[in-house]
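The block underneath contains the structure these notes are about, expressed in structure tokens.
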């Protein structure tokens, strides 16, 4: 049964579902009648004959009795019916997988549960071993199957002697060896299945359908919902039995289709997002490529900045030093072969000249030495020390210019007195 239907039935206070106004019991909820119970109990008390028991040699030379798996399944079908019992594997563990000289050794344990149609069950553990195979997959397959078969036989053994519990009685096994074995029955080849079509089953199914059509569907009966008790003021709200089963089936189908549809939508959405991301990355690459090309072309067109052997700042500092400390002052004096006297320098400084004459001479001095003030930096403001140095240089130059005519007259007088 599907999961949604089981959840619906569990939520309805464990009431069985209704089909055509009749309750339908699930597996594990059916009850044996008294006759069935007595017949099954009598059959399970019987002990198995030597025809059902096999033996093999175990480790250490000991003889071990067991029942083959297919015989146990046939016995369970005879006792409970083919649809009266079921088994399930609740847990399976791989204990070890060893590789030795190219051969695999595997051990697996499995827990198997056998349940009858009335809900009673037995559960036991089985173990399977595979040794010496060179294929790992085949070793695991053999060990798993052996573990499940062993667990199934041990679980069925708990129901009674007829399903294998009698082989644990060693006294019975000793006495069993005294019984002669019956000759196996000849196989009737006429009863073997040779065709795909089974006429007896088809005829029984057809008769069942015709019987249902002859009886007709029962009239829909108005019943209250089994999921909740109807209050007094809602007593007129009733549900139809036929609609219950159809709604449950439609609910299960809808849930399954919705889950499948959601998975498809998720996959489609993921593909769309991936495609959108790829397109965005491609557009970014295309947009970055032209920008880089334009930048490269622009860099190629622009001229390279001029490379000066002497930095501008160094040149300006050199000019400033030349302005503050003029080197051509002594060269001009040496060209005239004149040596300045201390008295000639001090005398003009001691004379008191009018302001107009000093201003005129200062202007002439500035004209004779034009490079002193023209090469100064306009941005730099000279400090007080710089102004004092410039004023001192101007006074020295002015006194020398004033003393030059006086020296010339003295030289002429000396030449006249000394004819040689």
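For all residues, glycine too, the Cβ spot is worked out from N, Cα and C.
Look at the DNA-binding region (153-157): DSSP puts its residues at 5 helix, 0 strand, 0 coil. Look at Swiss-Prot and you will find 153-157 tagged as DNA-binding region, backed by similarity to another entry.
Among the features that Swiss-Prot reports, phosphoserine is placed at 200. Reduced to three states, the DSSP call for residue 200 (phosphoserine) is helix.
Annotation source Swiss-Prot lists phosphothreonine at 339.
Across the region 'Mediates interaction with RPA2' (222-291), the prediction's mean pLDDT works out to 68. Swiss-Prot lists 222-291 with the feature region 'Mediates interaction with RPA2'.
For 357-420, the entry in Swiss-Prot reads region 'Disordered'.
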Cβ under 8 Å to the DNA-binding region (153-157), counting only same-chain residues 6 or more beyond its ends: which ones?
66-67, 69, 72, 75-76, 87, 112-114, 122-126, 163-165, 168
For residue 200 (phosphoserine), the number of other Cβ atoms found within 10 Å of its own Cβ:
7
